[in-house]
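Asker: I am attaching a structure below and will ask some questions about it afterwards.
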């Protein structure tokens, strides 16, 4: 009775297997994510009519945010020194000014409408009746900005006076200038020509002008602050006596308020003035602490001002409304913005850039801008075995594996019948590229991010440990699948704190603090020796273990090749650890006079070397010089860059090069992988460009030359490998370098680049190979193993990993391994956080995204069905043949 039903069961099972097929498809971009950041915001404007925020950050960004959720709508790069923006809500234009240019931006789409070159960059932008003017003080020229609804016009005008500033009141414009030691105010007509009588101000000749804005003039004389209103320009009014510092802000409303904060007797005091009948009237005086940020809101209903101030954990609105700020370490408040209209009532920015938006007493949204200060991030290895793979492995290790497999397929069939639309392959096959990312920040926080596309909020956890340490270093201490450990150190001038965390949940496993500043920290990779990895600090030639116990360091001290490198500005030393935990200097190298160390790089200690040589077309082999003790050292000497490759065990120099005409030494970047060193710099010799130098070390200059490996690892190794070197010109400015990494090292190691064009790119190893042959015109290459040499490497579209995205401020690129040899994970940080994956040698161990799995399964099922249908016919034919024969 059951036999006629088995084809139906087989069909359902086959469909189930199709939906849960364990062959991974290369779905490019599925795991990619980007966190768009701003950094610490300097100035902010709230468009209450359209519910938008416009911000200028210290990282050099102008941005438009959605006021309802904080999402970035657009961003544009501006000069980092830009601290203020001017927004005209009527014409929808934004104006920013730096030392060289004035920019007019379209607020709707962020497109630059106009860029105006400034003469000396010492001028100032003033808001006047019907627009803005940019004035260079003590010159007779200014730029009038006429902002219309859909376009802007800039007109350079001459002025008959040596103007100091522009003011406006009652739809009239005025110019302030100085003549014969007197400050004079002169009215102007609509063409900015002198109009009407002038007014001599009651301002001393040696007075310091503090504010000349709109309709007020505030100045100081002999430690006293005075105010003048344009409508009564001949009258100076005493505002504040005895002050040291001065801060000013304007509170908009039907009745403008003027907030002045001074440091009186080392105590901050804020005064609030309004103009009544052309006179300054003091309506509020508040003594507060340095840690308080004070603001006011103009109440339209009763024409009063409500006092608002923020401390580390609270925002307090007068008279008794209190809002709690989620601030773990009670960080100081950097900025407080208050608003009387719109959905947002207050915005608080902490000193690490964290951005809080409040509506009445509710926290509406939060931006984790501390991520913009990421430093030395780490990618945890992807899960070594997915849950589906583990179940299969358990079946293979079982004596009843066949029954277990049928039982598993039967359960999958039941799940499919219950939930046919919700059952997908992801329910039985975890995403092979889902991992966690640990990001320390220079502000003292640690973040954990998830690459899981189902994780809407990428941040799994965040913990604050210290406030703004001077330096941060971090390491992946243990990358075991069950309990990965992450270590980091925060250091100040007179102390440091060392932590070990559980990378899964951020819990603190151990903590140590010392009341001195360490000279250097070292990470010891002991995986190959079946010992736990160790971290130690060095201070005054003494070793301080931060992990493990002294017995492990005693074992390290007994190993002949356990030599560590200590660098100062002018000296490089190699030392071993003695039994009494002191530095035993084995060798020392002094740089030339005037030469200073700027950086050093080493190979990734977890790097797997799959190939010990490079196979040529004729099947001969160039053997790589794979000395694990090599490190690269970069130094500067005047305008020259000096590059060394040294052996840390012997102190010998195996490669040295010098480059002239370096523009900026802080833009020298390098990576070291296997026997391959790649570094970049900007030079004006022979012409200004970005150069990439590729160096590859081999055991000999010819193929099939190989030396004894014992000679390489010896402490008396004086062998100098042969170096192939090529220089390339790159058509972009490079901001950082990285290298891809895979589990077995079989896949090509390509170079990752951060670009000043706000992109993340990758150059194939074949293009950077120093063994590319130099050919004469029309000459054919003898060895097809290498691409003929071309001095310029263009940036092609297929090299860009960030697609059409703008990834701002890329300063670090980190790569991580996956379960698939073809694929590496790529993380870029600096300002934005961008995560993607790439296959340097193509995804050869997974199906293409264009592969038609459905067609394959249907074809296979069709063949099987045809076999089942024709089987009775074949049997009948065989029976007839036997019967009639």
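Cβ coordinates are placed from backbone N, Cα and C, and glycine is handled just like the others.
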Asker: Need the matching range: Swiss-Prot marks transmembrane segment on one of 837-855, 856-874, and I'd like to know which.
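Answerer: That would be 856-874, the stretch labelled transmembrane segment in Swiss-Prot.
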Asker: Write out the long-range same-chain contacts of residue 502 (N-linked glycosylation site), meaning residues 6 or more apart in sequence whose Cβ is under 8 Å from its Cβ.
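Answerer: Correct list: 483, 484, 485, 486, 509.
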Asker: Around residue 526 (N-linked glycosylation site), how many other C-beta atoms are within 10 angstroms of its C-beta?
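Answerer: The answer is 16.
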Asker: Got a sec? Which of these glycosylation sites, 66, 687, has the most Cβ atoms within 10 Å?
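Answerer: Neighbour-count leader: 66.
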Asker: Distance between residue 687 (N-linked glycosylation site) and residue 66 (N-linked glycosylation site) at the Cα atoms, whole Å?
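Answerer: Answer for this pair: 45 Å between alpha carbons.
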Asker: Using C-alpha atoms only, work out the spacing between residue 66 (N-linked glycosylation site) and residue 526 (N-linked glycosylation site) and round it to an integer in Å.
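Answerer: Between the alpha carbons of residue 66 (N-linked glycosylation site) and residue 526 (N-linked glycosylation site) there are 50 Å.
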